[in-house]
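Encoded as structure tokens, the structure appears first; notes follow it.
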Amino acid sequence: MKLLEGKTAIITGGSRGIGKGIVEVFAKHGANVAFTYNSSSEAANALADELSETGIKAKAYKSDASNYEQSQDLASEVLKDFGSIDILINNAGITKDNLLMRISEEDFDKVIEVNLKSVFNMTKAVQRTMLKQRKGSIINMSSVVGVKGNAGQTNYAASKAGIIGFTKSVALELGSRDIRCNAIAPGFIETEMTGKLDEATVQSWREAIPLKRGGSPEDIANACVFLGSDLSSYITGQVMNVDGGMLT
Ligand SMILES: NC(=O)c1ccc[n+]([C@@H]2O[C@H](COP(=O)([O-])OP(=O)(O)OC[C@H]3O[C@@H](n4cnc5c(N)ncnc54)[C@H](OP(=O)(O)O)[C@@H]3O)[C@@H](O)[C@H]2O)c1
């Protein structure tokens with residue numbers, strides 16, 4: 001019996017990077033995966049087709065996680081297509097880095113909307129289904145930056161710290177219905193988001209990490225498997241740092 005067999009997971013931002021890693025690893029562990037993208041329709045549909053051939057159900061949906069209506073519609077469609085929603089992973093996220101002196105109001109608002117409001121939108125959208133099922137696991141992608149702060153990322157850090165407060169509150173509200181809610185705080189994970197940075201900077205970051213490497217999408221996906229599966233059935237309201245020891 002695979003760890004996630006028979007469970008349906010919604011994963012936002014599954015077309016690239018960490019989200020794609022989660023989609024692939026979840027499928028490997030037997031989950032049926034419904035995942036979203038914002039603009040990468042070709043990559044998302046190719047991934048869904050590839051995974052469907054492995055015997056699980058996989059489908060890509062174009063849905064803007066920062067849009068309330070689209071999030072409600074997505075949850076209804078997934079329920080219709082898959083029959084249940086057992087795990088929600090709020091992974092979609094963006095950066096628009098700048099020093100406070102230079103950051104625009106627009107860039108502050110955009111990051112809060114895509115990273116934080118999306119978590120509210122999607123959690124609201126699946127809540128009714130999980131309440132009826134009297135079971136569910138919600139996993140929110142925060143960041144070490146949300147735990148510690150980071151110069152040049154006031155908007156991003158605020159969104160990721162906000163996710164932690166939201167996660168703990170949902171855990172307190174919904175625990176009595178066996179709906180668990182946890183956050184993951186990845187450290188430096190090497191994806192397209194970090195591929196924009198120069199190699200010398202990236203190397204200095206790797207050297208500063210106790211495990212001496214950047215993380216991979218699979219490292220985060222494996223933590224999601226644990227939090228999504230019944231192995232973690234007594235864990236809620238927690239923030240799990242998956243950072244190679246960066247914050248230690
Ligand atoms: N990489 C790191 O080191 C790191 C560290 C800590 C936390 N994180 C967090 O981990 C998550 C994933 O990061 P990543 O590095 O994998 O990013 P990424 O490679 O840039 O991928 C972002 C994903 O989110 C999707 N997305 C963006 N805006 C969206 C929206 N409005 N609605 C729905 N989907 C949207 C993208 O879809 P399209 O392909 O269609 O654009 C893509 O699938 C983010 O929340 C990020 O903050 C990353």
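Every residue, even glycine, has its Cβ placed from backbone N, Cα and C.
Listed in TrEMBL for this protein:
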{"type": "DOMAIN", "residues": "7-192", "note": "domain 'Ketoreductase'"}
{"type": "BINDING", "residues": "Gly13, Gly14, Ser15, Arg16, Asn91, Tyr156, Ala157, Ala158, Ser159, Lys160, Ile189", "note": "NADP(+) binding site"}
{"type": "ACT_SITE", "residues": "Tyr156", "note": "active site, proton acceptor"}
Whole-number mean of pLDDT values that fall within the domain 'Ketoreductase' (7-192): 98
Of Asn91, Tyr156, Ala157, Ser159, recorded positions neighbouring ligand 1, Cβ under 6 A: Asn91
C-beta crowding around Ser159 (NADP(+) binding site), within 10 angstroms: 28
Same-chain residues at least 6 apart in sequence whose Cβ lies under 8 Å from Ala157 (NADP(+) binding site): Ser143, Val145, Gly146, Gly149, Asn150
Euclidean distance between Cα atoms of Tyr156 (active site, proton acceptor) and Gly13 (NADP(+) binding site), Å: 17
Surrounding CB atoms that lie within 10 Å of the CB of Ser15 (NADP(+) binding site), all protein chains: 25
C-alpha spacing of the residue listed as 'active site, proton acceptor' relative to Ile189 (NADP(+) binding site), in angstrom: 16
Farthest-apart CA atoms of Gly13, Gly14, Ser15, Arg16, Asn91, Tyr156, Ala157, Ala158, Ser159, Lys160, Ile189, residues recorded for NADP(+), distance in Å: 25
For the residue listed as 'active site, proton acceptor', nearby residues of its own chain (Cβ under 8 Å, 6 or more apart in sequence): Thr95, Lys96, Asp97, Val111, Asn115, Ser143, Val145, Asn150
Gly13 (NADP(+) binding site) - helix vs strand vs coil (DSSP): coil
DSSP-derived class (H/G/I helix, E/B strand, else coil) of Asn91 (NADP(+) binding site): coil
